[in-house]
């Protein structure tokens with residue numbers, strides 16, 4: 001008997017006799033089911049996949065709170081103080097971008113492997129990679145002679161950690177999308193992604209707690225060599241929940257919907273029109289023939305389903321992605337998910353990986369000494385997380401099945417553009433409180449907006465047989481934007497054009513994101529990509545058969 005049940009038969013889109021339910025009928029039935037209480041397996045699914053995203057977010061964004069600690073420990077002070085050292089902007093940007101660079105490799109690799117070998121084979125392996133990367137980061141040898149070489153060590157192993165984090169995006173999105181009803185699918189995906197906010201919040205809470213524990217040494221005695229323990233605790237504490245959830249991920253079974261969707265991979269049109277032999281009619285008076293008739297009836301049903309699906313061969317699992325996206329209607333959607341995620345991440349990661357820099361620039365993260373400056377920086381990040389991150393997740397979960405994904409993404413892009421436009425246009429005239437409020441509002445609508453939906457839409461709009469690869473490619477394209485922001489933000493804002501002009505760039509990215517969403521992306525509320533895929537193949541089969549008859 002299996003240890004866990006992760007799904008039920010309702011997701012298989014079949015009637016009791018095994019025949020496929022037409023798209024319109026399935027969507028009609030699903031809409032009538034309503035929002036039922038969560039079952040035990042749904043709670044398990046949300047906890048195991050959600051915990052992974054919590055860790056992913058914590059590991060990605062804790063760098064924002066650790067960077068000021070490194071600046072004091074390895075460069076002799078914070079730049080907000082006269083004795084402050086100089087953490088080179090280019091090096092800081094490179095270290096900040098390390099995990100995001102690794103994300104690209106992980107998203108592409110694990111997404112493709114998940115489609116090729118199955119979710120069960122891959123799931124959990126990405127977490128192992130992440131754990132190894134985390135351990136190596138916090139194992140930084142103090143014997144490394146220079147600060148720059150220390151940062152290079154951290155950068156290299158955050159690349160590995162980032163690859164594991166990146167693999168979680170397509171895998172968790174695919175697993176949840178393939179196991180839930182249409183009526184709740186968007187809310188479930190939103191709940192999984194909401195753990196990003198909890199991870200950011202936890203990062204601020206952990207930083208405040210660790211600093212408070214070291215307060216006598218840091219604030220009273222001025223023993224700033226203790227900061228070495230502070231940052232290792234900040235980053236290393238994530239290992240505890242990671243090791244707890246690892247065995248559950250490694251033992252998660254394969255989803256039935258994924259197994260059925262693999263049957264749709266076909267390589268030649270001839271497999272769609274090849275006639276199937278019909279079984280010989282049975283003699284009603286012969287008992288043996290009656291048993292044969294029952295088996296034949298089941299065989300006919302199986303053949304009918306196979307006729308709908310087509311017959312795959314060994315090579316199809318390698319080229320399914322290319323075949324599917326060779327059609328413009330599918331490629332257009334992929335461009336929409338990829339470009340909108342790219343534009344979002346330029347602005348989103350540009351602000352969030354450098355939130356401490358922005359808070360300092362607007363006058364919030366200042367203090368009478370290094371301890372108080374670090375504590376105020378952590379408190380500022382905590383306030384932004386509480387005001388801008390956590391509430392929006394519940395709003396997204398509550399409204400996504402009402403308003404739809406596309407509308408939420410467009411309005412989020414536009415309101416964020418408005419906030420950045422105001423900040424950039426009157427940066428010198430706004431008070432510290434005014435800048436902080438506008439910044440918090442932008443964070444709110446990032447998250448009740450494109451930061452959620454750019455993750456959700458690729459998990460819904462593509463069928464299971466290419467979902468992992470397509471979601472991974474979309475996420476990887478987004479990470480290119482995050483890398484650009486991480487590498488260029490400090491350099492541009494401090495040396496070239498200044499922070500207000502960088503905010504104008506964020507304004508433009510949000511406007512373009514809204515336009516691309518409107519033009520290229522469909523609304524997937526109440527729609528099922530696998531059923532759409534099946535019906536497209538049915539239509540192709542009918543067209544091929546009609547074409548064959550006319551020859």
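Cβ from N, Cα, C; glycine included.
TrEMBL entries are annotated by machine, without manual review.
TrEMBL lists transmembrane segment for one of the ranges 412-430, 526-544, namely 412-430. TrEMBL assigns the feature transmembrane segment to one of the listed ranges (229-248, 249-268, 269-288), namely 229-248. Sequence-distant residue pairs (6 or more apart) of the transmembrane segment (378-400) and the transmembrane segment (436-459) include at least 3 whose Cβ atoms are under 8 Å, placing the two stretches in contact. For the transmembrane segment (229-248), the list of distant contacts is 44, 48, 51-52, 54-55, 58-59, 62, 65-66, 69-70, 73, 124, 127-128, 130-131, 134-135, 137-138, 140, 203, 206-207, 210-211, 214, 218: same-chain residues at least six beyond its ends, Cβ to Cβ under 8 Å. In this chain, the transmembrane segment (197-217) does not touch the transmembrane segment (152-176); fewer than three CB pairs sit within less than 8 A of each other, excluding pairs fewer than 6 residues apart. Within the same chain, the transmembrane segment (412-430) stays apart from the transmembrane segment (122-140): fewer than three Cβ pairs sit under 8 Å, each pair at least 6 residues apart. Residues of the same chain lying 6 or more positions beyond the ends of the transmembrane segment (122-140) and with a Cβ under 8 Å from any Cβ of it are 52, 55-56, 59, 102, 106, 110, 113-114, 150, 153-154, 157-168, 171, 175, 232, 235-236, 238-239, 242-243, 245-246, 249-250, 252.
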